[in-house]
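A quick write-up on the structure given underneath.
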Amino acid sequence: MEANGIENLTNPNQEREFIRRHHKHELVDNQCSSTLVKHINAPVHIVWSLVRRFDQPQKYKPFISRCVVKGNMEIGTVREVDVKSGLPATRSTERLELLDDNEHILSIRIVGGDHRLKNYSSIISLHPETIEGRIGTLVIESFVVDVPEGNTKDETCYFVEALIKCNLKSLADISERLAVQDTTESRV
C-alpha cells in the first residue's frame, strides 16, 4: 500500500511501460509535451463509457459547452467544440485520430480554432488497477503542442496541464458517482 492509500496493481514499471507503449509523441523544436496520471475509483468500462464519446466530450470536460460532429465516429471524424467563457478561446476543431475499444485508447488532434494550441495532439489510455481493494482505473493522458510565440515551454505545459487536470478531476468525479450508482443498483 502506498502512502496515499492507493493499493496499486499497476506498479511504476507497468505505468512506465503503458506510457512507452501507448503515449508516443514525436516532438520538434518549439514544442512541449507532458504526461499526466489519474487513479479513478471506478471500473474501466464506466470510465471508458465517458472517454470514448468523441461526440460528447462535454459529458466530463467542464470547459466545453457544445459539440457538433461531422462524420460517423470513424478515424478522421471531426468535431467542432464551443469553449465556455473565461478561457482564451471560443471554439476548437478536433479530429479523431484513434479510438480503440479493446485497448481503451483515444487520440485526438486539434486542426483549427481561435486559440493558441497549434499542432496539439493528445492520447488518453485507460488501464485496470486495484485501488484500496476495489476495482479502479489508471488513466494516462499525454499531449504535445507548439509553444506559442511569447510563451515559454514551461508556461505552455503548465497551462495545458491545468486544463487536463480539471478534465481528469471531472472524469474521476463523474465516473466514481456512476460506479456508486452501478453498485447500488446491482444490490437492489
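Placement of Cβ uses the backbone N, Cα and C atoms for every residue, glycine included.
Cross-referencing T77, T156, T183 with Swiss-Prot, the residue annotated as phosphothreonine turns out to be T77.
Recorded disulfide link (Swiss-Prot): C32 to C157, out of the candidates C157, C166. Swiss-Prot lists motif 'Gate loop' at one of the ranges 85-89, 165-169, 175-179, namely 85-89. Away from its own ends, the motif 'Gate loop' (85-89) comes close to residues 63, 113-117 of its chain (Cβ-Cβ under 8 Å, at least six residues beyond either end). Here is what falls inside 10 Å of the CA of C32 (disulfide bond) among the recorded positions K61, P62, P88, E94, T152, L163: T152. Within its own chain, I108 (site 'Involved in ABA binding') has F54, E94, R95, L96, E97, S121, S122 as residues 6 or more apart in sequence whose C-beta sits under 8 angstroms from its own. A 10 Å radius around the C-alpha of L163 (site 'Involved in ABA binding') takes in these recorded positions out of K61, T77, P88, N119, T152, in sequence order: K61. Ranking the recorded positions P88, T152, C157, V160 by Cα distance from K61 (abscisate binding site) puts V160 first.
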